[in-house]
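K.L.:
Structure provided below as structure tokens; questions to follow.
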Amino acid sequence: MEMNEEVYTLDGTVDRHGQPAIRGRTGTWVSGILLLVNQGLATLAFFGVGVNLVLFLTRVLGQDSAAAANNVSKWTGTVYIFSLLGAFLSDSYWGRYKTCAIFQAVFVVGLVLLSISTTLFLLKPSGCGDEETPCGSHSTFHIVFFYLAIYLVALGNGGYQPNIATFGADQFDEEDPKEGHSKIAFFSYFYLALNLGSLFSNTILGYFEDQGMWALGFWASTASAVGALVLFLIGTPRYRHFEPKGNPLSRFCQVLVASTRKWKVERTQGEENLFEVDNKESAMNGDRKILHTDSFRFLDKAAIITPKDYAKQGKKIYGRNPWRLCTVTQVEEVKCILRLLPIWLCTILFSVVFTQMASLFVEQGAAMKTKISNFNIPAAGMSSFDILSVAAFIFLYRLVLDPVIARIKSKPKGLTELQRMGIGLFIAILAMVAAGVVEVLRLKDAKKDCPNCVNASSLSIFWQVPQYMLIGASEVFMYVGQLEFFNGQAPDGLKSFGSALCMTSISLGNYVSSLLVSIVMRISTRDDMPGWIPGNLNKGHLDRFFFMLAALTTADLVVYIICAKWYKYIKFEGRKGADDNSDDGQAEAAAAAEHRV
């Protein structure tokens, strides 16, 4: 039993002291469950602010619908832009644990300041902020204090998010069959935890905030974030860690500089004249070698060995200048990023559709019949149907669709990640069409002179259910597939960057949405017309905006299909070839970890 406890992991992970991670004492589901609960609580805290932010801006700060939608899109976009910062620091210098801890602390500070700002400054006169009692004007200091707080929330959550899923996956040794299976399952449970956290904030917190109890909602979010940070720190002794691999920008630039300096060098057939470190050195660095591909052949010149590149003794190369000679794996890292970019660009328009759920869907719902008997349904609470749809389709796909398709195709897995992302785009088109049809029906029963556009139509808010359910279904195919795709296709030293790419597409989607709203309002506003998205939606044509998004997404789907057919999957060389539990494998794992220390 004692010998079994001393078995090391084989994937190169270390414990908090930098020593080789012992399988029985670190990682696995003990750490994984802590991180899942942490993610659920952090998500609850974030969406406790984000889900009703558009209503806070209109009711408390007095902004009109278009300005509020734009500000929410910019704020949400900034959250995901900060994910690039978090991924860079994690992959390059801090590692995932330190990055998660620091940005979660920033997240808590931002929520505390937001709660103080709302309680002391913004909810004046007392009791304002509901659908009937608008708040008074605010000083410049109060507005600046508010925006400082919410952008600290954006910084903290953005820097934390791309690392926590990858850090959770780090707790499972993919070189061990049992733990490797758990690692795959972790991503599904992670996305489920994210949605369960947002379900509570969208329903319970959303209801209180819709009733004007903004301070209560924000303080509850703060408490949830504090709980998430405490749980994260409790797991410190058990976590497994991959050490950061250094600045990826320098590795990227080295390939570009080396290939440019050798632009006159002839590229011969075969790989025998391309430089690569041996297997032992690769294992010591904790990386898998990437197999050579024929795309972007100009970059291969960075790995061509010439007499000026090295001093040679036998088969050993000494004194290599990395700005003249790069490894095949380093070149393939750059190729990998270049191949990912077209796919990544095609996902941005999906995020434009997705962001409508937190902005224009909420405004549309607020202008519908929201009362059942004496109970008022908060417009933001309708996103609960999106979350329920996500949970349902995750299990439907994993337990039914994927096994059936795999059996039909006679392959281990059903749809590829790229195929799932394409299906997500198609469902997003249907969601926008559904939202446009609902808006047409809402306008037929609307009161044109409704001043605040609250309960301004006799059409029930439950007509929005199909569009929310379709968005949820599209998320399962697009975002879950996208998370798996970018994580799986990113090189070993850029795993957090892979997650950040997924989040950055959401970021740019929010900025594009904000830009589209501004362009549409500028073009559609005339002397006798208030534009498609005015403060009073009953005088506008929100339906035309939704139909326009459906058309743009259709064009994007066509481009995406072309890019997906062109894409070539990355191929790794195995990190080991021996039996998982062999003494040699254990010795190599320990030696590799000690070398990194």
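Note that the numbers count up from 1, one per residue, in the order the chain is shown.
Glycine residues also receive a Cβ, built from the backbone N, Cα and C atoms like all the rest.
Look at TrEMBL and you will find 587-597 tagged as compositional bias 'Low complexity'. Taken from TrEMBL, the feature region 'Disordered' covers 576-597. What TrEMBL lists as transmembrane segment is 33-57, 77-94, 101-123, 143-160, 186-208, 214-235, 340-362, 382-401, 422-441, 461-480, 501-525, 545-567.
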K.L.:
Is it the case that the transmembrane segment (461-480) and the transmembrane segment (422-441) touch, counting contact as three or more CB pairs under 8 Å in which the residues of each pair are 6 or more positions apart?
P.N.:
yes
K.L.:
Give the nonlocal contacts of the transmembrane segment (186-208) in its own chain as ranges (CB under 8 Å, at least six residues past its ends).
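P.N.:
Sequence-distant neighbours of the transmembrane segment (186-208): 32, 35-37, 39-48, 51-52, 165, 168-169, 171-172, 216-217, 220-221, 378, 380-381, 383-384, 387-388, 390-391, 394, 398, 479-480, 483-484, 487.
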K.L.:
Against which stretches of its own chain does the transmembrane segment (340-362) lie, if we need a Cβ under 8 Å and a gap of at least six residues from its ends?
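P.N.:
Distal contacts: 50-55, 68-69, 72-73, 76, 379-380, 382-383, 386, 418, 421, 424-425, 428, 431-432, 435, 464, 467-468, 471, 474-475, 478, 482, 485-486, 489-490, 501-502, 504-510, 512-513, 516, 533, 542, 545-546, 549, 552-553, 556, 559-560, 563-564, 566-567.
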K.L.:
Using a Cβ cut-off of under 8 Å, list the residues of the same chain at least 6 residues beyond the transmembrane segment (545-567) that approach it.
P.N.:
339, 342-343, 346-347, 349-350, 352-353, 356, 360, 418-419, 421-422, 425-426, 428-429, 432-433, 435-436, 439, 516-517, 520, 532-533
K.L.:
Under 8 Å, at least 3 Cβ pairs, sequence separation 6 or more: does that hold for the transmembrane segment (33-57) versus the transmembrane segment (101-123)?
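P.N.:
Stretch pair touches.
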K.L.:
Please report, as numbers and ranges, the same-chain residues at least 6 past the borders of the transmembrane segment (77-94) whose CB is under 8 Å from any CB of it.
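P.N.:
Beyond its ends, the transmembrane segment (77-94) has Cβ neighbours at 102-103, 151, 154-155, 157-163, 166, 244-248, 493-497, 499-500, 503-511, 514.
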